[in-house]
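Asker: My questions all concern the structure below.
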Amino acid sequence: MSATTNTTTLISNLGSLVTNDPSRGSGGPLGLVEDAAVVIEGDRIAWVGTAADAPAADTVHDAQGRAAIPGFVDSHSHLVFGGDRTQEFNARMSGRPYEAGGIRTTVAATRAATDEELAANLAKYLREALRQGTTTFETKSGYGLTVEDEARALRLASAQTSEVTYLGAHIVSPEYADDPAGYVDLVTGEMLDACAPYARWIDVFCEKGAFDGDQARAILTAGKAKGLLPRIHANQLSYGPGVQLAVELDAASADHCTHLTDADVDALAHGNTVATLLPGAEFSTRAQWPDARRLLDAGATVALSTDCNPGSSFTSSMPFCIALAVRDMGMTPDEALWSATAGGARALRRQDVGRIAVGARADLALLDAPSHVHLAYRPGVPLVAEVWRDGVRAV
Ligand SMILES: [Zn+2]
């Protein structure tokens, strides 16, 4: 180890370690090491191997045989919001009609909230996710839909995570209900100018009733011209142009991918765009599951994420999404774990997270279980016992 001022910590006695480094272990994408140890130096991984070979370190932490995985990379959430939609969920799941405003309900509550309320709410859900092993978190605007409210959401988000997405094109703002073209002009003009300084990504909800393919292309192209990187809500509720547009524009990710033609699957398999599946949304709306097996068999890269939002998927739990993906979407436990870690990193075009390798961020979750398979085998059980983020034990 190089001599630096950073202190070193040896996490030893790991029953198993998922590295997502295929050069390790007995082959396979997870790079599984048994009886493992990790050395952290500052905020980075400095050494990975078997416990018997571990070098000395300034401090030693006994993991007591726990399994370790890279911290989850949750690449899709909507957590700058006010209010709550319990009644809407309860009515939907009880088969009762409900005159819900849907996203508009959250827009009104978000606009009415103070900065302090929105920031505290975001911090609460980020802590909740951290306790469940999530160490990298993307979140979006999209409940402001005015220049000031979208810029405010992104400013507040950027104080808490580096993965911030401008989603002024979530729905057409209620004020522009009769002038959707005028709203697209706003999203690609004054609103974009106000939001771009706080965001890394630009996103659009490409769906019937939201934005069509031509509008989505105009919005993402305008964002790219301002230095933002594209990602798309695509093919969630119906077939549509979103997935192919994502691949055409080299979007990092096409998110949802529930309704795919063979041509859509083929485009994902041959492009650089990750298919991010969000099973919390299908769970919470009793909708058809996305077919992960079909995508994987075609050769597409699949990520799993929570889509945490107060309307259609109010879970911050990556373990829950893993369990759903294994039970209902045809993924193996190994594939689901990879997609929730390395897959999420690919969907954010990050090399430094989602894997345990020398030089990567020291982000790990330790499980009260002998294997990562228990995340799907023991659904609903809070197995995450310790979380290390940026080299510091955070949980
Ligand atoms: Zn979403």
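Glycine is treated like the rest: Cβ placed from N, Cα and C.
Positions annotated as Fe(3+) binding site by TrEMBL: His76, His78, His233, Asp307. Among the features that TrEMBL reports, Zn(2+) binding site is placed at His76, His78, His233, Asp307. Residues or ranges marked as 4-imidazolone-5-propanoate binding site in TrEMBL: Arg85, Tyr143, His170, Gln236, Ser312. Marked as N-formimidoyl-L-glutamate binding site by TrEMBL: Tyr143, Asn309, Gly311. The domain 'Amidohydrolase-related' annotation in TrEMBL covers 254-391.
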Asker: Using the Cβ center of Tyr143, Asn309, Gly311 as the N-formimidoyl-L-glutamate site position, which other residues in that chain lie within 8 Å, going by their Cβ?
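Answerer: Once Tyr143, Asn309, Gly311 are set aside, the remaining close residues are His78, Phe81, Arg85, Ile103, Thr106, Gly142, Pro310, Ser312.
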Asker: Can you count the other CB atoms that lie within 10 A of the CB of Asp307 (Fe(3+) binding site)?
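Answerer: Its Cβ shell of radius 10 Å holds 27 other Cβ atoms.
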Asker: For His78 (Fe(3+) binding site) and Asn309 (N-formimidoyl-L-glutamate binding site), determine the Cα separation and express it in whole Å.
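Answerer: That comes out at 5 Å between the alpha carbons.
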Asker: Checking the binding-site residues Arg85, Tyr143, Asp307, Gly311: which ones have Cβ within under 6 Å of ligand 1?
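Answerer: Correct list: Asp307.
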Asker: Out of His76, His170, His233, give me whichever of these binding-site residues has the highest number of other Cβ atoms within 10 Å.
Answerer: His76
Asker: For the recorded Fe(3+) site, whose residues are His76, His78, His233, Asp307, find every other residue on that chain with a C-beta no more than 8 angstroms from the centre of their C-beta atoms, and list them by sequence position.
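Answerer: Close Cβ neighbours, site residues excluded: Ser77, Lys140, Asp255, His256, Leu278, Ala281, Ser305, Cys308, Asn309, Ser313.
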Asker: Quick check for you: of the binding-site residues Arg85, Tyr143, His170, Gly311, Ser312, which have their Cα within 10 Å of the Cα of His233 (Fe(3+) binding site)?
Answerer: His170
Asker: If one measures from the C-alpha of Gly311 (N-formimidoyl-L-glutamate binding site) to the C-alpha of His170 (4-imidazolone-5-propanoate binding site), what distance in angstrom results, rounded to a whole number?
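Answerer: So the alpha carbons of Gly311 (N-formimidoyl-L-glutamate binding site) and His170 (4-imidazolone-5-propanoate binding site) sit roughly 13 Å from each other.
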Asker: Please count the residues of the domain 'Amidohydrolase-related' (254-391) that DSSP assigns to helix (H, G, I), strand (E, B) and coil.
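Answerer: The composition, in the requested order, is 53 helix, 24 strand, 61 coil.
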Asker: Taking only the binding-site residues Arg85, Tyr143, His170, Gln236, Asn309, which one has a CA atom nearest to the CA atom of His76 (Fe(3+) binding site)?
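Answerer: The answer is Asn309.
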